[in-house]
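In Swiss-Prot this protein carries:
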TRANSMEM  10-30  transmembrane segment
TRANSMEM  32-52  transmembrane segment
TRANSMEM  61-81  transmembrane segment
TRANSMEM  92-112  transmembrane segment
TRANSMEM  152-172  transmembrane segment
Amino acid sequence: MDLPGPIHDIFLVFLGSGLILGGLGVVLLTNPVYSAFSLGLVLVCISLFHIPSNSYFVAAAQLLIYVGAINVLIVFAVMFMNGSEYYNYFHLWTVGDGVTSLICTSILFSLIKTILDTSWYGIIWTTRSNQIIEQDLISNVQQIGIHLSTDFYLPFELISIILLVALVGAIAMARQE
């Protein structure tokens, strides 16, 4: 998708704000069903980030796999939980929540510092894939595999971390019976 500069920037700002709002919804909403729907918004926004870079197959695959299967499974699992027991034992703030918030905030800021200090263009897997594809000796499936393991390595790692955190949160909520 070849968009003009301002439209491309507006599209990325829209997706980024959707990611931030969805992430805040996952964490801050007390109703687990609404939290699961916010996770769906986050996964949709992450998959739509692949469209400006002309990787429509990756975007469609992420929509089908993560939103279409995983998030629906999480929504059904959350709906089968007994909601009244969850809300009876809900405490506003505990010491463990404060310690967890402090640890997560420090990890977040260390990740932000690491991401900002890293020279992403000097990493070998971002420049090597173009040399391989220029040979024209490989099929489309091999090109997708090369792009997934080189250019789109970071987005897939990020989505796997988000999915892992969501599943751990769903298990933690289910165990609070």
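The backbone N, Cα and C atoms fix where each Cβ goes, glycine too.
Below 8 angstroms of C-beta separation, residues 32-33, 35-37, 39-40, 43-44, 46-47, 50, 159, 163, 166-167, 170, 173-174 of the same chain, each at least six residues beyond the ends of the transmembrane segment (61-81), sit close to that stretch. Proximity of distant same-chain residues to the transmembrane segment (32-52), defined by a Cβ-Cβ separation under 8 Å and at least 6 residues beyond the stretch ends, is recorded for 1, 3, 8, 11-12, 15-16, 18-19, 21-26, 58-60, 62-63, 66-67, 70-71, 74-75, 78-79, 81, 83, 86, 152, 155, 158-159, 162, 166, 170, 173. With a cut-off of 8 Å between Cβ atoms, the residues of this chain six or more beyond the transmembrane segment (10-30) that come close are 3, 37-42, 44-46, 48-49, 52, 87, 90, 166, 169.
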